[in-house]
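*Asks:* Annotation source Swiss-Prot lists N-linked glycosylation site at 288, 291, 297, 303, 309, 315, 327, 356, 1198, citing sequence analysis. The annotation site 'Important for inhibition by tetrodotoxin' is assigned in Swiss-Prot to 401 on the grounds of experimental evidence. What Swiss-Prot records for 418-438, 573-591, 603-622, 637-656, 659-676, 693-711, 773-791, 1117-1135, 1263-1284, 1348-1365, 1408-1425, 1439-1455 (among others) is transmembrane segment, and it gives similarity to another entry as the kind of evidence. What Swiss-Prot lists as compositional bias 'Low complexity' is 1804-1813.
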């Protein structure tokens, strides 16, 4: 019966939990001995067995699996035998606590004293596993943390400290007593988390009893106690696991990053060394106080021969005192280092930098550019040494305040160096930082998959058990019934089976220890009951009580009333009304602003009361209609009631001061929109989902932030207090310091936001460089890069496009759509009725209903009333499902919903019954309904027409792609248009119907001429040259726009040329447009989006041309129209394939990007309104206009006091430019906070704000920081990352749509395919032949050794180090030493180059790396030679620097060695084409915006971010500014001056010399639109596409590198092959095969002894016992990847490919295989043996016969019979020796393989043989005869 099979799967019950006794211990020891013996046996017999693993669901720390039921109370807290079969022969036991958690202990004596049975240890274990114990420890840790945050702890805190130490010591003692110290598994120190405890406690005692000097540094170690929380909270360990995993995975990326940064830092060091110290120094110096005229002498210093000369200030004669006309007191050093002589810009701490090249920054009059003083930012920003350069580049890579570094460098070195920054931002910043993201995301995804798989497995196991159990139960029932029938009495009790408690066999296949029986039935039934109960959250009496109290059905009239209310409240129109109210309410809240009139304020407050009333009424009515019991079952209703209650509370407390924040809760009503707005709903869900997973992560983040905040406070707090004067001129603590916990926390949070460098400078200034760098970079790397990226990875994983595309749940209509459907139906009804009236016949309602369909049903406009999401095309994978779901609605599929169910009501509630299912995703037509469907739903005309897509990559008339008419299938078109050169019709059919005059007969007369003309035009337009010409014109006209800068007025010639050119371009484009109209016809031209774009841009040109003729060119509107010419470059879009691809991808993503954008705006709206509530009108301050200092509140307290001072003239009551005075400005402020640019000023203003119209006071409102912290977490981290999510998702979807190449392969096949793809493209290279010459040969051997390569690598590293040692201002000695070292390196590398060329001869240049080396060597030598020339003759030092960079090329050779780095670079290489396209698009956007910026902001006042170098005056400057903002850096600074709209901020009447433009004011509205749109386009879209591509390719690259066989393995195979096949014949001898496969490296290697293995590979052989390389590689690949039946077809295709690539293989056909060969050998040996035996027997017989013959020779008495026999005997054994010899030799020839004798023709083969082997080609005389021909059919099968 079933009982035999059941033991494996019967779930174990609580009876399996047996106490651990000395007998159990003895049994374990016994099993251990047996296991050891078994392993020994297996080892001797060479039996491999799978490795046993512990069961994952029985790990320590997890809960006892459900299957075991509830453990009885008596087994709780006592040692039990281990349940896991893995530990059956290991000395362990488990203990369960009340929460059913498993604790595993070692059964050896703890601390050598306490056995598992000793009373002390048992007590310790009981304490350790108790829930209260961990609770107590947790509380202790938290209390301890609170004490740690005190910046000035009271005196008694010392004793508290001792208490904590005591508690921790006690905890560790308990653990050691229970577990043992460190010898066995599961002891105290075997758990890494306990190392933490141990070190913390040790440190506590050490610091107490040993005086170690700097205590504060050691005290900081106590902070690690906070990490202990991780051990106590269960979910945290997994997240920390994921973090640690991702850090391991990051190693490659980290190495690559450090390497790249080092290379970049070296480049920076060589290029900009010492540049940042060039300052504007007052020149010439004043001789004495009276003689001031001397340095006011104009002619002297503006003398051009001095100014701008690179080297004059180094000239010693000037520095010597004698040259100063006898004034020997002048001290040059002191003069140039005195800050008083430097030129400072207003409000800046650092002197103005300058440079000596023409495009660098220049000094104002009276100043010269001299290298003096220290570097900017306390001297910490520089490229003077390698370390500072590295820091600068790391900062650049993390994009922190990099605009400052960018501006300083460009000012000092010149604008051309922008290229350096472009490379680093794109390669370093975007690429490397996103690689880190990619790695973290992958690590997280892998971890997730693993857990999911594990759960799945358990689930399946459990299901199987249930199945078995059910069967078992049935069988038992049957047995019982049978028994009852037989015996006639009741069978009592369950029969109990004896079975293994584990319900599973040991992994080794042997049963585990025998255990007492346990009943399967009870176990499962218990488990089932438990599951049932788990689903019910509360005890049963609770439900009874709830039913009584919360369901109101008292009397019949009430129930009736309730029903009526229900019908009203649940009506779709009510929902619509409520939604409209929500929107209106939001509008009302958003209309608050400052300053607001009394009346407006009253209107708003009344409005608020009305809305509160409406929402309260809705809630009350719903409560009545649904009963509280039902009402509170729905999440939305709970949400509503919460908000309504809050609104009412807020009304009650309206006048209480400080509770205005409660008003912000009304904003949550906005979220009610989510009910009817799927995207918002989905987004809230995504955030909800990720908050679950993020809960733990946030905790980890909080712990990290806490730890670092405390560390910072402990380490640096005092220093900030003591050395504050170094960083603050007024010696007050700055806003960012670490003197108390809150400020320390803010600094750490700021670092997490990616802003670390500025606070780090302060810290380094007060507390020393080493400590600050360490702490800050740790926070940066751990917090920002790893944790925040994990955050993003989680978001991405809980995000998926499917949810975006079709999130309308179950396709249920929401009430809004029903309501709107009804309204549309009503309008249709009225329309039909009125039309009827107009036609003079009155239609009855029935007729109208017949024509329209039911209300809300398939009405006229039903198509439009479909919800947005339904129109959107579902992603391919959901397609089937989606189609079904739409058809289900209509009742057209036999889905779960039968058509009958779709009764009349469903029709009414379903306004989108007519949706037709889209066919394939690529087709734009809607599917045509079949006839029955058309009859069923009256289908309006306009829906039946296929929709023409807006953008269509293929059919762009205005692009080079061939034009295909949109309406027809290509096949039809081909039939109608044989040459494909027929123009389409000009007008649509509808036009021709309306105006018959448009119809032209093209068969005769003028019509025919017209047709000929159109065909001619068509030919012209379709010609390639025409297209090329137009592209050229577009580029030229775009280029012309770049010249129209502020200097155009002064350059008359250029201006005139441009004016004429502009006209020419306009005429050309008009001509092009007319040609296309004639050629394509209006219909085609105007149905193409790209053509519309051309049309509009040409229109702009025409209008400005006409205005010029009429003389209106100076009119305002015309001028602003002219700025639209900036859009010209857009026409290039459709003409460049690469850009068009990107644009199409982007356009595809626009719907979902817009969706997310809208949702973000809603999300931000809440924060914006909250900001207006909190800060409107509070940012104003009173300022002294001369010193621009803010008055203290003791002087000026509010606006009126300020105004009373104003008449003195020097006082102004002004506002911060970016503020919260209304919702619009609130949005701008939030954008600045979210991009972390300009957020400081906003935060400072918020923190200082008091009340409306009051003077702010320093940090009076400190906790307003939290508003920003919360916004940054939700508004910035979440919402901005959602953009990345959407874009990446869309990207993947589109890839699925278009690139589904490998969708039709199984996973196995994909692996093979990829391996083969690499394989087929390679063929063995002919190795470079060893030279014949003896000396050359020796050199060759030396050069090709691996040791040689390695030593060169080491030298390259050393060279890198010597380059790093260089510094600015190094001593002459150091310069000489470095020069000599460099010389040595150049000699060595030149030597290497020469040696290689000598040894490899002309083959040297066949290897890419060698060419690279050669170029580097040449450049190094040239650089060395030129450096002397440069010092002698003044060539620009820039050239000199660039030449020195050549040396860095040598470092790049290191990449050859590292495999992991190669993968990453491979990913970069793979993404390059796509990135190039995106770069082009980005440049296009920048180009258009810079033209626009030049025409709008060229004359803006120079302040904050706009100055003499960074402005919109010329095209170059604009591009530089826009490049900066592409990463959103510094856009606040550029926006600030543009926000000046009038005096006193700027002067609208100011004259700008050289032009007739007046004023230096900006245009705030245009400025804000300009910057916000640019940031959204470039930063959010383009940059995120960059990220998406990198993630994508990184995944591909890692997949390739993680595949069992990579490129490298094949490379290695061919490298080894070259040694065995020096002539590249592609064949090797069978005899050498064994050595060959042994020489390979893993995974292809087959180590010796490998003869048998090779035979089983069954390799094909050709005459001469040779084997082809590809066959070997195929076989080895198969060996590594495992065999799969699908291989053969694939192999076939691969072979064909290889044949095509390598013609040499075509010539051979294999005639046998190694396996066959072996079989033949075996046969041959057998035949030989048999034949030898036969010969032996014969010779024995012969001998005996001869002997007898000789005996009986004379005897003639032999009978006749004997004579006959003798004859035969003679024949056989007689004197025919020779013949026998020949015969035997022939036979042996045929069979044997060892002796190769004379060739013999093979015998004819039987048919089965022919099937096995192809017919052989004629054999060359040298080769041995073909084998395998003589083997009888069936031999192969019989022999192995």
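Backbone N, Cα and C atoms are what each Cβ position is placed from, and that goes for glycine too.
What's the neighbourhood like for each of these?
*Replies:* Secondary structure at residue 356 (N-linked glycosylation site), taken from DSSP and collapsed to helix, strand or coil, is coil.
Reduced to three states, the DSSP call for residue 401 (site 'Important for inhibition by tetrodotoxin') is coil. Taking a C-beta cut-off of under 8 angstroms and a sequence separation of 6 or more, residue 401 (site 'Important for inhibition by tetrodotoxin') has the following same-chain neighbours: 395, 755, 757, 758, 1529.
Long-range contacts of the transmembrane segment (418-438) within its own chain (CB-CB distance under 8 A, at least 6 residues past either end) are made by residues 250, 253, 256-257, 260-261, 264, 267-268, 271, 393, 396-399, 402, 406, 409-410, 785-786, 789, 792-793, 1464, 1467-1468, 1475, 1479, 1520, 1523, 1526-1527, 1583, 1586-1587, 1590-1591, 1594-1595.
Non-local neighbours of the transmembrane segment (573-591) in the same chain are 600, 604, 607-608, 611, 614-615, 618, 666-667, 669-670, 672-673, 676, 814-816, 819-820, 822, 1165, 1168-1169, 1223; each lies 6+ residues outside the stretch with a CB under 8 Å from one of its CB atoms.
Sequence-distant contacts of the transmembrane segment (637-656), counting only residues of its own chain at least 6 positions beyond either end whose CB sits under 8 Å from a CB of the stretch, comprise 609, 612, 615-616, 618-619, 622, 626, 631, 662-663, 665-666, 668-669, 671-672.
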*Asks:* I'd like the Cβ neighbour count for residue 356 (N-linked glycosylation site), meaning other Cβ atoms within 10 Å of its Cβ, all protein chains included.
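*Replies:* By my count, 24.
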*Asks:* Could you measure between residue 356 (N-linked glycosylation site) and residue 1198 (N-linked glycosylation site) for me? Cα positions, answer in whole angstrom.
*Replies:* 50
*Asks:* Three states by DSSP: which one describes residue 1198 (N-linked glycosylation site)?
*Replies:* strand
*Asks:* Given a Cβ distance threshold of under 8 angstroms, which distant residues of the chain, six or more beyond its ends, lie next to the transmembrane segment (1117-1135)?
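*Replies:* Here the qualifying positions are 956, 958-960, 1027, 1030-1031, 1034-1035, 1037-1038, 1041, 1090, 1093-1094, 1096-1097, 1100-1101, 1103-1104, 1107, 1143, 1484, 1487-1489, 1491-1492, 1495-1496.
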*Asks:* Validating a neighbour-count step here. Other CB atoms within 10 A of the CB of residue 1198 (N-linked glycosylation site): how many?
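*Replies:* The Cβ of residue 1198 (N-linked glycosylation site) has 17 Cβ neighbours within 10 Å.
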*Asks:* Using a Cβ cut-off under 8 Å, which residues of the same chain at least 6 positions beyond either end of the transmembrane segment (603-622) come close to it?
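*Replies:* Tertiary neighbours of the transmembrane segment (603-622) are 565, 568-569, 574, 578, 581, 584-585, 588-589, 591-592, 631, 637, 640-641, 643-644, 647-648, 651, 666, 669.
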